[in-house]
Structure formats: structure tokens, C-alpha cells
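First up is the structure itself, then whatever we jot down about it.
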Protein chains: 2
Amino acid sequence: MMTRLLALLCCLGLSTAALRAEDGYRLWLRYDLIQDADLRTAYQQQLGQLHVGTNVDTTREMMAVSLRELRNGLRGLLGIHLAPAAGAPGKGSGLALRRLAAGEIGPEGYRLRQQGNRLELAASDDRGFLYGTFHLLRMLQMGESLRGLDVEEVPAKDIRILNHWDNLDGTVERGYAGFSIFNWHTLPDVLDPRYTDYARACASVGINGSVVTNVNANALIFRDDYLEKAAALADVFRPYGVKIYLTARFSAPMELGGLSTADPLDPEVKEWWAAKAKAIYSRIPDFGGFVVKANSEGQPGPREYGRSHAQGANLLADALAPYGGIVMWRAFVYNSDPEADRAAQAYEEFVPLDGQFRDNVVVQVKNGPIDFQPREPFSPLFGATPETPLLLELQITKEYLGQGTHLVGLAPLFAEVLQADTHQGGAGTTVASTVTGLAGVSNVGTARNWTGHPFGQADWYAFGRLAWEPALDPTAIYDEWAALTYGADEAVRKTISRMLVDSWEICVNYMTPLGLHHLMATGHHYGPGPWVDELSRPEWNPAYYHRADSAGIGFDRTLTGSNAVAQYAPAVREKFADPRTCPPEYLLWFHHLPWDWRMDNGKTLWEELCLRYQAGVEGTEWLAAEWASLEGQVDAERHREVSQYLTIQQREAEWWKNACLAYFQTHSRRPFPEGVEAPPHDVEHYQSLDYPYAPGIRPR
Amino acid sequence: MMTRLLALLCCLGLSTAALRAEDGYRLWLRYDLIQDADLRTAYQQQLGQLHVGTNVDTTREMMAVSLRELRNGLRGLLGIHLAPAAGAPGKGSGLALRRLAAGEIGPEGYRLRQQGNRLELAASDDRGFLYGTFHLLRMLQMGESLRGLDVEEVPAKDIRILNHWDNLDGTVERGYAGFSIFNWHTLPDVLDPRYTDYARACASVGINGSVVTNVNANALIFRDDYLEKAAALADVFRPYGVKIYLTARFSAPMELGGLSTADPLDPEVKEWWAAKAKAIYSRIPDFGGFVVKANSEGQPGPREYGRSHAQGANLLADALAPYGGIVMWRAFVYNSDPEADRAAQAYEEFVPLDGQFRDNVVVQVKNGPIDFQPREPFSPLFGATPETPLLLELQITKEYLGQGTHLVGLAPLFAEVLQADTHQGGAGTTVASTVTGLAGVSNVGTARNWTGHPFGQADWYAFGRLAWEPALDPTAIYDEWAALTYGADEAVRKTISRMLVDSWEICVNYMTPLGLHHLMATGHHYGPGPWVDELSRPEWNPAYYHRADSAGIGFDRTLTGSNAVAQYAPAVREKFADPRTCPPEYLLWFHHLPWDWRMDNGKTLWEELCLRYQAGVEGTEWLAAEWASLEGQVDAERHREVSQYLTIQQREAEWWKNACLAYFQTHSRRPFPEGVEAPPHDVEHYQSLDYPYAPGIRPR
């Protein structure tokens with residue numbers, strides 16, 4: 001009988017596995033039964049009982065979510081049913097929840113501490129309990145010991161927010177994981193369970209806000225019926241501590257309100273926004289605020305009325321202020337002056353405005369001075385506006401990094417920026433220390449596994465973890481993610497995290513080594529297009545950026561050129577301005593150098609450029625080999641899936657290398673150095689390739 | 001120990017349930033353990049062993065798929081592991097597979113018969129085994145007895161095909177379940193498991209072909225790299241017996257080939273298509289053929305060169321003939337002549353061409369003469385082209401029937417058309433008997449449950465079942481689907497199938513009762529727009545169709561009007577031409593009648609019209625009440641989901657009723673009869689509503 005039951009048990013397990021393939025939907029929140037029986041028993045003994053402190057109100061919806069998560073997690077991981085939370089604290093061992101006074105721990109923070117035979121989860125607010133719950137479950141998933149546990153965590157940044165570039169028609173600008181998870185047509189009635197699962201995933205890594213509409217904004221979102229839809233989403237997100245934000249189209253008072261102007265100083269315009277804010281808050285009492293892209297790439301803004309960005313931002317800030325909302329005003333602006341250096345313009349525009357913004361305005365600055373290129377030096381704006389809080393905007397979606405089909409871990413990029421020393425106000429002033437929060441452009445979509453490429457999940461995870469604690473090490477983050485997502489096996493985990501950590505540099509090498517940037521094709525940005533030089537706006541052309549000619553290559557941003565380097569603090573400026581001290585990864589960002597310029601390693605610039613492209617291609621071979629070595633150690637479905645994407649990455653890495661080198665050789669007129677395979681086609685071949693339906697832009 | 005194991009078992013079950021919510025992805029193919037232990041034991045005894053006939057080649061990929069399905073199914077349903085297929089037939093009870101000679105049973109057919117202590121599945125080809133396998137598993141899912149089983153099934157129609165109106169950019173024309181499941185960007189490398197699951201679902205209901213591109217075609221699909229992508233899909237579909245087809249843009253020789261003409265009589269054009277066919281078949285040896293929309297709604301075609309549809313179709317047919325491919329040439333054509341009746345044009349164009357088409361051309365005819373309206377009389381083309389085989393085109397996606405958010409079962413619509421007696425060549429000549437196959441415009445998309453509305457799955461299922469056997473009763477089909485999808489409980493099953501069967505008439509009533517048609521809004525077709533009368537083409541205006549004026553309403557298609565009714569066989573014509581014998585459901589399709597016209601029930605036409613709209617609204621209340629009665633009997637997730645959609649349907653049914661009645665009253669100038677709630681707003685209100693992002697058209 002026993003045997004038969006065991007057989008049945010086996011069957012069930014097997015049949016579940018067979019019929020419910022690993023589709024990746026569960027992300028890193030996989031509460032499967034822990035296989036190590038001893039460990040499971042130890043956890044069961046430590047956590048078997050739940051003691052709820054008398055000052056913990058479990059009827060609050062966020063607390064209810066925490067308790068549900070805890071119950072589901074322990075049921076899955078340990079196979080135990082946690083007794084319903086009782087009002088009075090019991091005796092004996094187990095997990096105890098205790099509410100701290102507001103001063104005892106920071107907002108959203110928590111403490112997990114072994115206290116005698118109890119493990120205590122303590123926090124001073126509901127979000128703290130929520131985040132502590134996920135922390136505890138993560139430890140169990142990773143098989144970590146709870147003995148002597150004593151951790152206290154408080155988020156380093158208040159604003160930890162995702163930006164969705166999702167349009168109301170369901171398309172996603174720069175989205176490579178299907179289409180928008182938000183179905184505005186069926187909202188507010190149909191509450192796709194995915195909305196809940198999304199908010200839960202965000203909460204599990206500490207993300208506490210979500211901008212659900214595209215920065216290229218649509219005024220329609222402010223129409224009453226759409227506000228009802230947004231309110232329904234807000235209701236779903238709220239118990240997971242995720243505040244909803246919307247993007248505000250600056251001309252909405254005209255398009256939606258029928259006014260003849262959107263001038264920020266116009267009384268009617270002010271009134272319109274005030275009324276709109278009231279309408280929003282009547283439906284969403286904890287509405288977060290607006291993100292605004294104004295006077296940027298064709299978006300309307302205050303400059304059309306001769307007003308400054310500060311005047312524009314303050315208009316909206318005044319409307320939101322009575323309700324506690326904030327304005328995240330983007331510094332991503334540049335004009336079409338052929339004499340100007342696009343890299344210098346955000347600084348030129350915003351530094352003079354420092355001190356003019358309302359208290360509830362945050363200026364949102366992309367990590368680099370151009371636009372999410374594979375690698376950029378940090379934006380000189382960081383630390384340069386002492387009176388104006390800044391938000392660091394990172395792109396999780398891989399617009400310029402393989403568009404979601406390449407395995408490219410972005411945590412090293414995020415960390416490089418966060419740790420960069422601005423020297424503004426003295427050495428050690430990292431970018432991380434200058435910002436009040438992080439905004440990440442989301443990479444999730446309708447793909448069953450959320451991100452298309454299974455490893456795309458890792459950067460959603462990494463963004464959340466770094467927004468919580470910017471000092472975290474990328475390897476440690478990916479170790480965590482790999483363990484949670486693919487199981488706790490040490491070798492598997494290490495291989496995966498190494499692949500992720502090394503993949504960024506690999507991608508930079510096969511796309512834009514040595515500080516090159518903006519070499520991609522036009523519009524969809526899919527694939528290489530270094531030869532493009534005929535677009536109407538000069539700064540949209542790759543040729544504007546690489547400036548390759550018979551003499552050399554690179555953008556001179558020193559005194560002899562645009563002098564954009566002068567925007568950095570002296571210590572940084574001096575390092576970047578001298579090609580001998582400028583880090584090679586930014587060399588051609590700041591300098592136009594002869595093809596025969598000698599690198600420190602003795603190679604000429606041309607040789608080094610070629611060798612880096614070659615190294616990038618070889619890196620993708622290494623990635624494929626590393627992944628192949630995990631066959632049989634990772635479930636077959638996900639192993640196959642990643643392998644298929646790696647095939648694309650290898651082919652496209654070769655494409656980038658071949659197209660770029662074939663093109664640059666038309667300028668350098670030099671042979672390819674030893675160890676570099678010559679492109680199989682001439683540059684005309686690569687120029688002739690055409691991919692009208694590459695994803696990530698609005699379908700035509 | 002025993003108890004502990006049982007507890008663990010329970011936990012596992014529970015945790016699986018909790019962590020793996022019912023997301024609908026499994027469709028009707030839910031192989032969960034049969035709860036009735038006696039039944040399970042009986043099945044185990046009957047099917048425990050597998051005997052494979054010596055003439056059954058299990059190494060063929062389609063046979064391997066059948067065996068895998070069988071193993072997975074029995075593992076899930078019965079918890080047994082079917083022994084690997086052995087080469088020699090063993091002794092004892094069990095399931096036996098036997099290959100029949102080609103003449104013993106028709107192509108794709110199978111026999112399931114109890115033979116002594118064996119259940120024999122016999123077929124003469126691999127598809128027969130595949131379909132027989134799904135039949136057997138379906139019986140188990142439904143808990144049907146296998147004792148004395150003796151069924152033989154052969155499909156009534158050879159062509160059972162889905163048409164996907166999916167664009168290469170991932171959008172779906174008239175798609176309401178997300179976006180396209182086909183990701184052309186990542187093909188051929190990434191083979192989304194969904195492709196396999198799609199083909200498997202098709203096979204399970206006997207669908208044997210799939211047109212994966214939109215009839216509003218894009219020549220790019222014929223570029224070499226796209227053919228590689230299509231070939232990769234074909235490779236996935238092949239083992240499931242699903243042939244791939246593509247839509248052919250008539251001007252492809254110009255757009256892709258650079259020719260100066262697409263004239264079907266031009267030798268270069270012929271050569272281009274011949275070479276293209278060769279290129280396709282070199283990659284897809286069993287490629288099915290082309291679907292063509294030509295000279296229709298702006299699509300290019302042979303008429304531009306003064307050639308007939310037959311000449312156009314034959315051009316492509318000749319290119320495909322050497323390889324056995326077919327052309328499905330759509331009869332959906334109409335011009336912009338304000339004097340013409342759009343309903344008459346397909347007949348006028350195609351009947352004179354009868355006899356001029358090549359043998360491998362099939363003319364594809366929509367069920368009604370206009371365009372998938374909620375209800376239409378059958379197209380007069382059916383049975384009217386004795387020399388030309390016709391394909392019946394049905395729309396599974398609900399462009400005009402609530403756009404995927406309304407619960408509307410289409411099997412009754414499909415069956416009404418299939419069973420309609422054309423009287424062509426004598427009484428009893430049903431539409432079903434006149435066609436060589438069925439084409440269904442698919443309703444699947446990237447929604448996790450494939451169809452958005454969970455009940456949308458039922459019509460994918462019903463289409464396949466009716467294509468296999470057009471005589472099937474809609475109630476029986478929905479009974480099956482409900483049992484497979486929601487469990488075998490009799491009351492649940494009956495309630496669900498009754499809802500589905502009755503829902504069509506309900507929807508017709510709240511949208512277009514009494515033969516009204518084409519009342520929808522412009523472009524996206526979402527919601528009512530009976531007032532629209534200013535579009536550039538007369539036959540795009542709802543007012544063109546309802547012709548409401550102070551005297552009455554309806555389109556006169558008798559001798560005093562367009563006389564389109566004359567296209568039907570005499571017996572049908574006579575019935576339709578007389579408003580006293582014309583079925584009320586087609587009354588205003590064929591007749592313009594005074595508002596005070598007396599219906600057989602004594603009501604005036606105006607009263608009846610109002611009462612039907614009201615009945616439609618009340619029908620949605622009934623649907624909601626029926627579904628509410630199942631709470632607790634259907635899993636909470638799917639119950640909640642359907643309820644949410646029913647809320648939309650109730651609101652939109654009211655919208656349709658109110659908008660249409662408010663508008664028609666401006667013509668009738670009559671009061672609303674008793675029992676009909678007056679619209680709460682005047683017609684201007686309904687005209688002012690605006691939904692720019694309603695789904696189903698290419699995003700703007």
C-alpha cells in the first residue's frame with residue numbers, strides 16, 4: 001500500500017511536470033518543496049508556529065498579503081500549513097511578528113532576528129512586514145540557515161520605481177517581451193491575475209512604484225473613463241505597496257480640456273491641472289504623481305511658451321502638492337543644432353535651473369549623457385544640482401543591448417554608474433549618493449515568462465535589489481537570482497551568475513567598444529548602422545557620434561572639440577580629458593584619435609578596435625559553451641529556450657562585428673590584425689539588410 | 001507514516017493548486033487525475049498495456065506524437081505509466097494499435113473498438129491514429145464507458161483550416177486575445193513552446209491546416225529569411241498533422257521581385273511565382289498553399305490588369321500544382337458603386353467564372369453575403385458553382401459579436417449556416433453538403449488562456465468539431481467542451497452549454513435583431529454606430545444597410561429593390577422574398593417595411609424591434625445569473641474571470657440597445673412599447689462616445 005502510494009506520489013509529480021511545463025511565469029518566486037529533508041525539518045521546527053504581536057493589525061490589506069505570501073511560501077517550500085494568525089502571542093518556538101515604533105526602524109525597513117527559540121520579523125510599517133516576508137522566504141528558497149539570524153534592512157532610496165513605456169493601444173515602445181501587460185480596453189472590469197502577479201513580483205524585490213504609461217504620453221489617460229481604469233490597477237497594486245504613477249502630456253489641457261494654450265503661467269491651464277489632480281485623487285487617494293517628458297523628441301512642453309522646464313514642472317507640482325504627489329521631470333532634452341554636442345545639452349539646460357523647482361519635483365536623469373547606450377560615462381548632471389533632487393533613470397529593457405534576444409546582464413552597468421565617483425562636493429560622492437531614487441524602464445510584457453528571454457528576468461530582479469541597496473555586488477545579486485530561479489545547486493548558480501556578469505562587457509565589445517556609441521540602425525534600433533549619416537536631425541546619425549574619417553575616429557569632447565568634458569568635476573574632467581588617463585572604455589567617447597594611436601597595450605587603435613569586436617564575438621561563443629555545460633542540470637524546457645536565444649546572439653554578434661568593421665575599414669584603410677576574422681561581405685551588403693518589422697516601435 | 005505521506009500528498013496537491021493558478025493555458029486538454037477511483041481502476045484495467053501492431057511504425061514523428069500524448073494522458077488521468085511500445089503484439093488485455101489498409105477506412109479516419117479484452121485503435125494513416133488518440137483521451141476525460149465501444153470516424157471534410165489574420169509586426173487584425181502568437185522576429189531560432197501547444201490543440205479537434213498570415217497580405221513573407229521562419233513553424237506543426245499555408249499578396253512580384261507588373265498573363269510574373277513556389281517547397285515539402293484576398297478592400301488583384309479572378313487564381317494555382325499545393329481564392333469582393341447592393345456582388349462576380357478555375361483552386365466564401373454580421377442568411381454562392389469547389393469561411397474571432405469580451409457561443413451560428421438548405425440541385429442540399437471544407441478565422445492570441453474570454457476557447461473547439469462533422473449538434477459540442485474544460489459534473493456542464501447555445505440569439509437581439517446588419521461603429525467596429533452615413537464609400541455606412549427613414553426600416557432586396565434575393569434557388573427565393581414567409585430573423589435583411597408593419601405575433605415592427613433589443617439586454621442578465629449559480633462549483637479564478645467579462649457584456653448590451661433605439665426613434669417617432677426601458681440619453685450622447693484604442697485594428 002505504502003509503495004503504491006509512493007508510486008502515485010511519483011506519478012503526480014511527474015505528471016505535473018509533464019503537463020505543466022516550466023513556462024517561467026513564476027519568475028524567481030518558486031516555492032517548490034525543499035528536497036533536502038533535514039533542512040526542511042529544521043525550517044519546519046523554526047517556523048512551524050506563527051505568533052502575531054498584539055499591535056500587529058492583520059486585517060489591513062497589506063498585512064493580509066504578507067500573511068498569505070508567508071502561508072503559500074511555507075506550504076510550498078516546507079509542506080506545512082501555518083496556523084491562522086492568532087490575536088494573542090502564543091508561547092513556544094516559531095515565527096513572531098512584532099510592530100516597532102516609528103523611530104525604531106526606518107520607513108519600509110524590517111528586522112529579522114533570532115530571539116531565543118523564536119524568529120522575529122519586526123517592522124514599523126506594513127511595507128516593512130511585506131519586504132521582510134519576502135526576505136525570509138528568499139532565504140528558505142536559497143537554503144540559508146536561520147540560526148543566529150540578525151539582519152536589519154532599510155531601503156537606501158525612497159523612490160524605487162518602474163517606468164513602463166506602454167501605450168494605450170497595447171504596444172510597448174522599446175518592448176521586446178510581447179506587448180503591454182496592461183489591457184486598457186478591458187479595464188476596469190477585467191482584472192487580469194497578471195496585474196496581481198506583477199505587483200507581487202515588484203514587491204518581492206522592493207519596487208514601490210509603477211508608471212504604467214509611456215513617457216511619450218497620451219492625454220487620453222486623463223479622461224474620466226481611463227482614470228477609472230487606472231484606479232482599478234491602483235487598487236490591485238496597493239496591497240503590494242506599489243504606488244501608481246501616470247505620464248502627463250504637457251498639452252493635455254488643450255487636447256483633452258479644449259483650452260487654447262498649455263502655457264504653464266496661464267490661469268486656466270493651472271486651473272485645469274488642479275481640477276485634474278483633484279479628479280485623480282478622488283479615485284486614487286495614494287496616487288504617486290506624474291512623469292513628464294517635455295520639449296524632447298517632439299513632445300510638447302513649456303519651451304513652446306517661452307517658459308523654462310522649472311516653470312513647466314512647477315505647474316504640475318502645484319497641482320499635485322495638496323495631495324502629496326510628486327513630479328518626475330525628465331532631463332532627457334536635446335535640440336537639433338548641428339553645432340551643439342547632444343551630450344552636453346541636458347546639463348546646459350538644467351544646471352541653471354537648480355533651485356527653481358518646487359519641493360515636490362524630482363529631475364529624472366538617464367545614467368549617461370546620450371541615451372542608454374551599451375556603455376556611457378555617467379551623466380555630468382549627477383551631483384551638479386545641489387538644490388534639486390535627482391532620480392537615476394536606467395533602462396532595464398534592452399533597446400541598445402540586443403533588444404531582448406541577447407543574454408546581457410545589466411547589473412554591472414547599473415553598478416558601474418551607481419558607484420561612479422562624481423567628485424561633486426569632494427571625492428567619494430558616488431552617483432548613488434547623489435540621487436533620491438532609481439527609475440527603471442521596464443522589460444516586462446505579455447510573454448508567458450514576462451521578459452521573453454528567460455534571463456531578462458534577472459535584470460528586473462537586479463534593478464529592484466539595487467534600488468533597495470545600490471551597494472550590492474552584481475555577482476551576489478545574480479547568484480541570488482540564479483539560485484531562486486534555477487535551484488540552489490552551487491555549480492549551476494555560479495555558472496549562471498558568471499555568464500550574466502561577464503555578458504555586458506561581451507556585448508559592449510561586439511557592439512560599441514572603446515567608448516563608441518549610437519552606432520545602431522535607425523528607428524527600431526535593431527542591428528548596426530554606423531554608416532547612417534543622412535537623417536534630418538544631425539544628432540540622430542551614427543556618423544555624428546563616431547566621426548570616423550581617414551584620419552581617425554571618435555568624438556572630441558575636450559577643449560579642442562565640444563568641451564562637454566568640462567561639465568564634470570575637476571578630478572573627473574582631468575582624467576577624462578587626457579586620452580592617456582581616460583579609461584579605455586570611454587576613450588572614443590571623449591577623444592577623436594588617429595587610427596595608429598598607440599594603446600597602453602602597444603596595439604594601434606585600429607588593431608585594438610578590431611580585437612575588441614572579435615573578443616565580443618568570441619564571448620558569445622563562451623556564453624553558449626557555458627550554457628551547454630549546464631545541459632541536464634537545468635530543466636530541459638528552459639535549457640532549450642536559452643540555447644535558442646544564444647544562437648541568435650552569436651549570429652547577431654557576428655553581424656555587429658562584421659558590419660562595423662567592414663564600415664570602419666572604409667575609413668581606416670588598414671588591414672585586419674591577426675586573430676580577427678575579416679568580414680565575409682563588403683559594407684554594401686550590410687547596408688542592404690532591411691528589417692521593417694523589428695520590434696520595439698509602434699507597428700506600421 | 002502512512003498518514004504523514006497522505007498529508008504530504010495533500011499538501012502537494014494544495015500547494016500546486018495555490019501556486020499554479022488556473023490560467024486556462026491547458027485549454028480542454030486537462031489530464032488531471034480522475035477522482036472516481038472505481039472508474040479509474042476500470043480504465044486502468046482496460047488500458048494498462050499497450051500492444052503495437054507489427055505494421056505500426058512508431059518511429060514516424062506523428063506516431064511518436066500520438067504515443068507521447070497517450071502516455072501523458074494516461075499518466076495524468078489514470079496515474080499509470082504505459083509500457084514503452086513493444087515491436088511484437090503481446091497477449092492479454094490492453095490497448096492495441098493496428099494499421100489498416102488504405103481502403104479499409106478513409107483518410108484521417110480511425111476506429112475505436114472493443115475486441116475481446118482489448119480496445120483496438122485502428123487507422124490507415126498517421127493522422128488517423130492521432131485523431132483516434134485524442135478521441136480516446138476525450139472519452140476518459142468525460143468519464144465515458146469504454147465497454148462495448150465501437151466507433152468509426154472519418155472526417156466529413158478534407159480542409160479544416162484556421163485563418164490567422166496575424167500581421168508580421170505581431171498585431172492581429174480583428175484579434176481580441178492579445179497579439180499574435182507567432183513571433184516572426186525571433187523565428188526561426190526561438191521555437192516558442194506555444195507553437196507546439198497550438199498545433200496540439202488544433203490536432204485534438206481535427207484541424208489540419210493553418211494559414212499563419214493575414215489575408216491583408218504582406219509580400220515580405222516570401223523573402224528568403226521569412227520563408228525560413230515559416231519553415232521552422234511548419235516543422236513544429238507537421239507532427240501534429242497541421243499543414244502550413246501562407247497568404248499571397250498579388251502584387252508580390254512587383255514589391256519583392258522588382259517586376260513592373262503583376263499581370264497574371266505576363267510571362268515574367270508566371271516565372272516569378274513558379275520560382276517562388278519552388279523556393280517554398282524546397283523548404284516546406286508539404287506546404288499547403290496560398291490564401292488570396294484580391295481586388296477587395298484595397299488589396300491588389302488581377303482586375304487591375306483587366307483579368308478575371310479566375311485568371312488571377314490560376315496563375316498561382318499553376319505555380320503550386322507541381323507540388324500539390326492549392327489556392328484558396330476569396331470571394332469577398334465588392335465595389336463602391338452606390339447603385340449596387342454589396343450583398344449581391346460576390347455572386348455576380350464569381351458565378352460567371354464557374355468552370356474557369358484550375359482543379360487546385362478552391363473559392364473561399366464567407367457564410368453570409370456581407371461580412372460576418374451577427375446574423376446573416378447564407379451566401380447565395382453556396383451550391384451555385386457546380387464546377388467550382390467552395391470553402392465555407394467562418395469567423396471564430398468575434399469582430400461583430402462583442403469583440404471577445406462578450407460571451408457568445410458561435411456553434412449555433414455555424415450550425416445554422418451548415419444546415420441551411422440551399423435547394424441548389426434540389427431540396428436537402430445543405431450548405432454543408434456543398435463545400436469541400438471549412439476555414440475559420442482564428443480567435444487565438446497571446447492571452448495566457450489563448451482566447452482572452454475563457455469561453456472563447458469553446459468556439460475554437462466547436463469550429464474544429466464541426467469541420468470534422470458538420471452534422472454535430474451545438475449543444476452536444478458545448479457539453480463536451482464544458483465537461484473537458486470545467487469537469488464532468490452534469491449540472492455544471494449543462495448550465496455552461498445552455499449559456500453558450502442561447503448566448504448567440506441574445507447577442508443578435510441586443511445588436512442587430514430582425515435581420516438588421518452592419519450597425520457597428522467605424523474602423524474598429526467596437527460598439528454601435530447606426531447613425532454613421534458619411535463615410536466615403538457608401539457601402540461602408542450603416543445607414544446604407546438599415547435605410548431607416550420616417551416610413552420604415554430595412555434593405556429591400558426584392559424585385560422592388562436590389563433584387564439580390566433572386567440569387568437564391570427558387571424555393572429559397574420565394575420564401576425570403578415575401579415578408580410574410582421570410583423568417584423574422586432575416587426580415588429587415590430582405591425587406592424595407594413600415595414601422596407599423598404587423599408581425600405575426602401582432603406587434604408592430606417598431607414594437608418588436610424594441611422588444612428584441614430589450615430581450616437581448618435581459619438575456620445578458622440571465623447569463624450573469626446562470627453563471628453566478630455556478631459559484632463554488634467552478635474554480636474561483638475562472639469563475640471570477642468570466643464574471644468580470646459578463647459585467648462588460650451587460651453594460652455593452654445596454655449600450656447597444658440604448659444607442660440603437662435612441663437613434664431609430666429619431667426616424668420612427670414612436671413611443672417605446674411597454675416592457676422596454678427608454679434609453680437614458682439622447683442619440684447625441686451615444687454619438688459623442690469615442691474609443692480610439694478599441695482593439696482589433698492596427699494600432700495608430
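Every residue, even glycine, has its Cβ placed from backbone N, Cα and C.
Bear in mind that the values here come from a model prediction, so they are computed numbers and not experimental data.
Per TrEMBL, these features apply:
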ACT_SITE  B:Glu297  active site, proton donor
ACT_SITE  B:Asp371  active site, proton acceptor
ACT_SITE  B:Glu399  active site, proton acceptor
DOMAIN    B:27-136  domain 'Alpha glucuronidase N-terminal'
DOMAIN    B:140-450  domain 'Glycosyl hydrolase family 67 catalytic'
DOMAIN    B:451-676  domain 'Glycosyl hydrolase family 67 C-terminal'
SIGNAL    B:1-20  signal peptide
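Features per TrEMBL, on structure.
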residue: B:Glu297; record: active site, proton donor; Cβ contacts under 8 Å, 6 or more apart: B:Asn216
residue: B:Asp371; record: active site, proton acceptor; Cβ contacts under 8 Å, 6 or more apart: B:Phe332, B:Tyr400, B:His518
residue: B:Glu399; record: active site, proton acceptor; Cβ contacts under 8 Å, 6 or more apart: B:Arg174, B:Phe372, B:His525, B:Gly696
Stretch-averaged pLDDT - the domain 'Glycosyl hydrolase family 67 C-terminal' (B:451-676): 97
Three-state secondary structure, B:Glu297 (active site, proton donor) (per DSSP): coil
Summary of DSSP states over the domain 'Alpha glucuronidase N-terminal' (B:27-136), given as helix, strand and coil counts: 40 helix, 21 strand, 49 coil
